[in-house]
Amino acid sequence: MVVMARVPRSERPDLVFEEEDLPYEEEIMRNQFSVKCWLRYIEFKQGAPKPRLNQLYERALKLLPCSYKLWYRYLKARRAQVKHRCVTDPAYEDVNNCHERAFVFMHKMPRLWLDYCQFLMDQGRVTHTRRTFDRALRALPITQHSRIWPLYLRFLRSHPLPETAVRGYRRFLKLSPESAEEYIEYLKSSDRLDEAAQRLATVVNDERFVSKAGKSNYQLWHELCDLISQNPDKVQSLNVDAIIRGGLTRFTDQLGKLWCSLADYYIRSGHFEKARDVYEEAIRTVMTVRDFTQVFDSYAQFEESMIAAKMETASELGREEEDDVDLELRLARFEQLISRRPLLLNSVLLRQNPHHVHEWHKRVALHQGRPREIINTYTEAVQTVDPFKATGKPHTLWVAFAKFYEDNGQLDDARVILEKATKVNFKQVDDLASVWCQCGELELRHENYDEALKLLRKATALPARRAEYFDGSEPVQNRVYKSLKVWSMLADLEESLGTFQSTKAVYDRILDLRIATPQIVINYAMFLEEHKYFEESFKAYERGISLFKWPNVSDIWSTYLTKFISRYGGRKLERARDLFEQALDGCPPKYAKTLYLLYAQLEEEWGLARHAMAVYDRATRAVEPAQQYDMFNIYIKRAAEIYGVTHTRGIYQKAIEVLSDEHAREMCLRFADMECKLGEIDRARAIYSFCSQICDPRTTGAFWQTWKDFEVRHGNEDTIREMLRIRRSVQATYNTQVNFMASQMLKVSGSATGTVSDLAPGQSGMDDMKLLEQRAEQLAAEAERDQPPRAQSKIFFVRSDASREELAELAQQANPEEIQLGEDEDEDEMDLEPNEVRLEQQSVPAAVFGSLKED
């Protein structure tokens with residue numbers, strides 16, 4: 001049922017509503033200014049025809065024109081109604097008018113402005129849209145402009161209207177200067193490169209600018225260089241040369257790229273000679289090999305392209321004489337550039353470190369065959385290199401400079417160079433000493449022997465003011481008189497060219513200055529010996545010994561004692577003994593062996609045998625533990641040769657007490673073997689018994705086999721039983737040594753059982769003992785497997801009153817002629833004894849073996 005509402009004529013057209021609308025109408029009449037009531041009514045009428053719904057919105061907005069909710073829903077609904085219509089449809093204009101009416105009251109609402117602007121953009125009405133954006137910016141407070149500009153900029157970029165976009169971006173940058181990169185990118189895309197370069201230069205010079213894209217200042221600078229260098233015809237408002245050169249001083253780690261950009265700018269501008277000047281300036285100023293490589297490669301590519309362009313032009317237009325000359329000039333210039341590369345690279349390295357001696361030598365080698373350049377290079381090098389900052393030996397430059405003059409026959413110039421070198425304040429005395437030695441060698445090469453001696457004597461002359469060799473506060477000229485290098489050369493020359501007295505004076509002076517080495521002392525003594533001054537040579541040794549301590553004095557003592565013995569033999573035996581005692585006093589164990597052997601040899605040849613034995617005995621105590629075994633072997637050998645093998649018994653006993661278990665075991669075997677050869681079977685057996693205490697049957701099977709063979713040859717059943725008893729006792733002893741088992745576990749056990757060190761850091765105490773216990777059980781099982789099968793005999797109790805004669809008689813009855821040997825340790829129980837009492841055999845409890853209680 002349709003009801004016609006009665007309203008005044010002024011409110012026509014008449015409102016038509018249905019019966020279902022009456023409750024909402026009544027509610028509105030009661031609360032006509034309630035937004036919620038109108039929204040409930042509108043929600044109810046969502047399915048009604050669009051005109052009815054629009055009419056309802058209009059009624060509500062007439063009463064509530066400042067309601068944002070109503071306007072927002074109304075405008076959204078009106079836009080949705082025309083969404084699929086053509087933009088030329090008059091309905092679009094109605095919707096636009098609705099928006100305009102809304103902004104009379106809602107001009108401070110950015111959401112409505114954004115929706116309206118987007119709606120206009122969809123219609124394609126550029127001017128109307130632009131003006132609406134401007135109205136929105138004017139209407140809204142500046143704090144809300146950031147909501148409008150993104151859509152505004154998108155609108156500006158969507159149309160090919162660069163002037164409009166530029167004006168809009170300029171306004172936007174006043175609000176958001178940090179978005180300059182976006183504007184620059186737009187300018188590049190619209191080919192307005194001049195303004196883009198200006199903006200980019202402004203950004204680069206602004207230290208407070210922070211790139212939204214995360215670019216560094218250098219990256220922005222590099223973009224600017226690429227932009228202005230690659231577009232010289234479009235960038236007119238900036239001084240490109242000044243900008244790039246400013247970057248050269250600002251970004252010193254990227255000089256290569258900046259120089260190439262500057263040259264590229266001139267190349268694209270057509271100023272080829274200017275570009276070539278830039279390249280030449282660059283390769284003479286860059287400081288790193290990387291920058292040099294970039295500039296040089298770009299320079300070479302430029303020259304190649306110029307040659308290729310010239311050849312192409314000549315081939316198209318025909319060759320002329322001028323073209324040929326120009327082409328040859330370009331080719332010659334390119335070849336010269338390539339040939340200069342090593343020298344230019346060397347210049348770069350020298351600019352990095354002008355005090356690098358090796359690089360100066362390489363530079364001289366690059367000028368090979370050009371004497372004038374070599375002289376200039378050497379002159380520049382010796383003037384540039386500071387000896388206190390030099391890398392390498394600075395004196396080699398002076399020496400090589402003089403050698404160059406010498407090789408070219410200019411000896412006077414070479415002498416002048418070396419003379420100047422002797423006045424240079426080097427950092428090290430060795431440098432000046434090397435120069436003086438080169439002065440002497442120069443004269444020797446040209447057979448000016450007297451002049452060479454004169455120069456070296458001058459070098460070693462005492463200065464007016466004495467100084468210590470390592471006193472850095474004194475110039476090296478005052479310290480060179482203590483240089484062993486100069487004195488050694490002077491001593492060699494004096495030996496070859498001088499007199500005996502002059503040579504002796506030189507060596508004495510070296511010893512007085514306390515700069516001699518053991519070799520110098522030995523050379524001096526040998527020199528005196530060659531001239532038959534034996535006592536003087538011994539005095540030289542004595543002076544050398546007073547200068548040095550062990551171990552440096554070792555060679556002097558060895559040579560001195562050898563020479564003394566060869567000279568006097570046994571004629572001055574007491575003096576020789578005193579010398580040996582003096583040498584051995586304070587001698588480290590490492591060097592004692594040689595001296596003791598030499599001392600013992602002296603006593604054997606010229607002294608007393610008992611003295612020699614005493615020396616050997618002292619030697620066994622004085623040498624290092626690692627050398628004691630060898631020393632005992634020598635001692636035993638010499639004692640056997642001098643006194644006989646019986647005299648070595650005491651030596652063997654002492655060696656067994658002193659040496660380690662391994663060496664003591666070998667000594668015991670040799671000792672026992674000697675006693676066997678002497679027929680002392682009981683002594684040999686006692687030695688085997690003593691040695692068995694340090695021989696684990698599991699690891700020293702060779703010893704037990706040797707003892708077994710010995711008993712087979714020389715023993716009887718009782719001795720065999722005793723050996724087996726000792727073996728069981730020793731094995732039981734080793735089985736109860738926990739520390740030994742741990743070491744054996746580390747050596748012998750494989751990965752199956754693991755080691756104590758394999759336990760986790762948190763596992764300790766009982767876990768360690770469990771692991772050792774497992775290993776002990778495994779070793780016991782292995783020993784059980786290694787034993788031969790036991791005889792099926794029973795355990796008997798033997799009466800204690802049975803005499804030894806009865807036992808022996810029974811043994812003979814069982815086996816009258818043969819001794820039964822077996823591998824089993826318990827075979828001695830197989831023979832039945834008289835008056836035996838049969839006992840029942842039971843298993844031994846596991847607790848007897850002493851294993852730890854398990855958790």
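Cβ from N, Cα, C; glycine included.
Note that the coordinates shown come from a computational prediction; the quantities given were computed from them, not determined experimentally.
If you look up Swiss-Prot, you'll see 820-834 marked as compositional bias 'Acidic residues'. Residues or ranges marked as N6-acetyllysine in Swiss-Prot (evidence: similarity to another entry): LYS420. Taken from Swiss-Prot, the feature phosphoserine covers SER851. The annotation region 'Disordered' is assigned in Swiss-Prot to 808-855. Here Swiss-Prot flags 15-47 as repeat 'HAT 1'. Swiss-Prot lists 48-80 with the feature repeat 'HAT 2', giving a curator's inference as the kind of evidence. Annotation comment: Swiss-Prot describes 90-122 as repeat 'HAT 3'. For 124-158, the entry in Swiss-Prot reads repeat 'HAT 4'. Annotation source Swiss-Prot lists repeat 'HAT 5' at 160-192, citing a curator's inference. The repeat 'HAT 6' annotation in Swiss-Prot covers 198-230. What Swiss-Prot records for 235-268 is repeat 'HAT 7'. The repeat 'HAT 8' annotation in Swiss-Prot covers 270-305. The repeat 'HAT 9' annotation in Swiss-Prot covers 369-407. As annotated by Swiss-Prot, repeat 'HAT 12' applies to 571-605. According to Swiss-Prot, the feature repeat 'HAT 13' maps to 643-677. Summarising the annotation, Swiss-Prot assigns repeat 'HAT 14' to 679-713.
Residues 550-551, 554, 557-558, 560-562, 564-565, 611-612, 615-616, 618-619, 622-624, 627, 630-631, 634, 638, 642 of the same chain lie 6 or more positions beyond the ends of the repeat 'HAT 12' (571-605) yet place their CB under 8 Å from a CB of it. Tertiary proximity for the repeat 'HAT 6' (198-230) is limited to same-chain residues at least six positions away from its ends with a CB under 8 Å from its CB atoms, namely 177-184, 187-188, 237-238, 240, 243-244, 247, 250-251, 254, 257-258, 261-262, 264-265, 268. Counting every protein chain shown, 14 other Cβ atoms lie within 10 Å of the Cβ of LYS420 (N6-acetyllysine). Taking DSSP states H, G and I as helix and E and B as strand, the repeat 'HAT 14' (679-713) has 27 helix, 0 strand, 8 coil. Against the repeat 'HAT 3' (90-122), stretch 48-80 has more CB pairs under 8 A than any other of 48-80, 270-305, 643-677. Outside the repeat 'HAT 8' (270-305) by six or more residues, the chain places 252, 254-257, 259-260, 262-264, 330, 333-334, 337-338, 341, 344-345, 347-349, 351-352 with a CB less than 8 A from a CB of the stretch. Within the chain carrying the repeat 'HAT 13' (643-677), a Cβ under 8 angstroms from the stretch's Cβ atoms is held by residues 609, 613, 620, 625, 628-629, 632, 635-636, 683-684, 687-688, 690-691, 694-695, 700, 703, 706, 710, 714, all 6 or more beyond its ends.
Taking DSSP states H, G and I as helix and E and B as strand, the repeat 'HAT 12' (571-605) has 29 helix, 0 strand, 6 coil. According to DSSP, the secondary structure content of the repeat 'HAT 13' (643-677) in residues is 32 helix, 0 strand, 3 coil.
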